[in-house]
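Features of the protein shown, as given by TrEMBL:
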TRANSMEM  12-33  transmembrane segment
TRANSMEM  39-58  transmembrane segment
TRANSMEM  65-88  transmembrane segment
TRANSMEM  94-114  transmembrane segment
TRANSMEM  126-151  transmembrane segment
TRANSMEM  171-199  transmembrane segment
TRANSMEM  211-230  transmembrane segment
Amino acid sequence: MHWDLSQIDRWMALLLWPMSRVTGLMLTAPIFSASGLPSLVRIVIAMALTLAIIPAEAPMPALDILSWASLLVIVQQLIIGLLMGMTLKLVFEAVSYGGQLIANAMGLGFASVIDPTQGGDTPLIGQFQTVMVSLLFLAMNGHLALIGMLADSMRSLPPSRLSATMSWELLSFASIVFSGAVRVALTAIIALLITNIGFGVISRAAPAMNMFALGFPISITLGLTVFWLSQRALPGIFSSLCDQADAVLHHLIGA
């Protein structure tokens with residue numbers, strides 16, 4: 001069998017361009033982008049996903065793999081993957097931010113732990129919420145749906161096709177971080193607000209009472225109780241946020 005340079009370029013492009021999109025996705029997508037995931041595991045997953053989605057790939061443009069036009073296509077593929085992963089990342093950030101709001105309302109904002117998914121400090125309640133939605137995401141086969149959407153994007157959004165409106169769509173969707181956080185934390189915040197108002201009334205009626213020593217443990221106990229009760233609504237809220245992200249992703253990739 002005789003191989004010429006054009007065939008080798010074709011095979012390299014067939015592998016390199018989809019791998020750029022997969023790499024971008026894994027840099028921002030939840031779970032795949034966790035800092036605790038070893039680099040070797042990420043490389044193996046990226047290669048496996050690339051080989052899996054190659055059959056779904058749309059016809060490639062006839063470009064020299066070493067040309068500037070080919071480099072531009074690689075950058076475009078990387079950006080598409082980054083945008084797809086960031087869309088879902090915003091859902092996780094919304095739930096985590098809701099947990100942080102609850103922790104601050106309870107007075108536990110100072111109690112922080114290392115978040116392995118982000119590599120930084122986060123309040124304990126926010127970290128708990130992140131772990132919960134990560135487990136829910138896996139239980140809902142969200143990782144499989146994301147991989148399937150990645151394969152669909154190779155057909156509906158082929159290389160060299162990138163619109164500036166994709167970035168604006170993602171910026172518009174970024175408001176879900178705040179609206180989703182409010183949905184997650186609203187019940188606990190209202191309960192703690194009413195409690196603090198009650199403490200204020202009591203402190204005015206009995207100024208000699210040490211409300212700080214009394215109110216702090218009560219706020220924590222009540223906050224944890226309401227937080228525990230509100231966890232029943234978390235799967236529904238998270239599923240709703242994921243549905244919104246799914247709709248945005250389908251609009252982005254044109255599927």
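The chain as shown is numbered from 1 upward.
Glycine residues also receive a Cβ, built from the backbone N, Cα and C atoms like all the rest.
Against the transmembrane segment (126-151), the recorded stretches 12-33, 65-88, 171-199 differ in Cβ pairs under 8 Å, and the greatest number is found for 12-33. Same-chain neighbours of the transmembrane segment (171-199): 87, 90-91, 93-95, 97-102, 105-106, 129, 211, 214-215, 218-219, 222-223, 226-227, 229-230, 233-234, 237, 241, 244-245, 248, counting only residues six or more beyond its ends whose CB sits under 8 Å from a CB of the stretch. Between the transmembrane segment (65-88) and the transmembrane segment (12-33), the number of CB pairs under 8 angstroms, six or more residues apart, is three or more, so the stretches are in contact.
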